[in-house]
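Trainee: What follows is a structure written as structure tokens; I'll ask about it next.
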Amino acid sequence: MTRAPLNVLLRRVDPDVPLPAYEHPGDAGADLRTTESCELKPGERAVLPTGVSVALPEGYAAFVHPRSGLAARCGVALVNAPGTVDAGYRGEIKVIVVNLDPRESVRFERFDRIAQLVVQQVERVRFQEVAELPDSARAEGGFGSTGGHAAVGADTNGQQGGNRYASVVSDRKGQ
């Protein structure tokens, strides 16, 4: 069953910026573009304007996600990914980018695609304080407790989680 697209009011802060758009059918995120050119040296970050502001319907929020190609090819990440755009916010959407590449600078030109905007329905909740939470299969297991990566497993004391290779990596000269 296909639903009708949600109408979201949008104002161009920069009259020349292309509207956010989905690159392919079925994409979850619409591409956001920067309205300013910028060069980031290794380790630098910047707040880039997108030239758009939105009015989301009550009960919705938008989330600014990184573009995987920028991460894979250039080492660009979003500092607060995902960034949250609340329904009541009317200011320009801005994206906080950081260059994580240790050697190469990255350059953004005006209207380069820098992030994706995902609009989702969100629930408001009422928090109810209790003395004890009900049991669950996971209990208090967190941060690597489910394994799935070579660096996440039993440490030398047989405890699950943690990074048993951290001391090996940090003891290498020059690292």
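Think of each number as a place in line: the chain as shown, counted from 1.
Heads up, the Cβ atoms here are built off N, Cα and C, so glycines get one too.
In case it's useful when we look at the structure, here is the feature table from Swiss-Prot:
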- Arg67, Ser68, Gly69, Asn80, Thr84, Val85, Asp86, Lys94: substrate binding site (BINDING)
- 138-175: region 'Disordered' (REGION)
Trainee: Counting only residues 6+ apart in the same chain, whose Cβ is under 8 Å from the Cβ of Asp86 (substrate binding site)?
Mentor: Leu56, Ala61
Trainee: How many neighbouring Cβ atoms, not counting its own, are there within 10 Å of the Cβ of Thr84 (substrate binding site)?
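Mentor: If we count other Cβ atoms within 10 Å of Thr84 (substrate binding site), we arrive at 11.
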Trainee: For a quick check of understanding: given the listed substrate-binding residues Arg67, Ser68, Gly69, Asn80, Thr84, Val85, Asp86, Lys94, what is the maximum Cα-Cα distance in angstrom, as an integer?
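Mentor: Greatest Cα separation within the listed binding residues comes to 26 Å.
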Trainee: For Gly69 (substrate binding site), which of the three DSSP-derived states applies: helix, strand, or coil?
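Mentor: SS state of Gly69 (substrate binding site) = helix.
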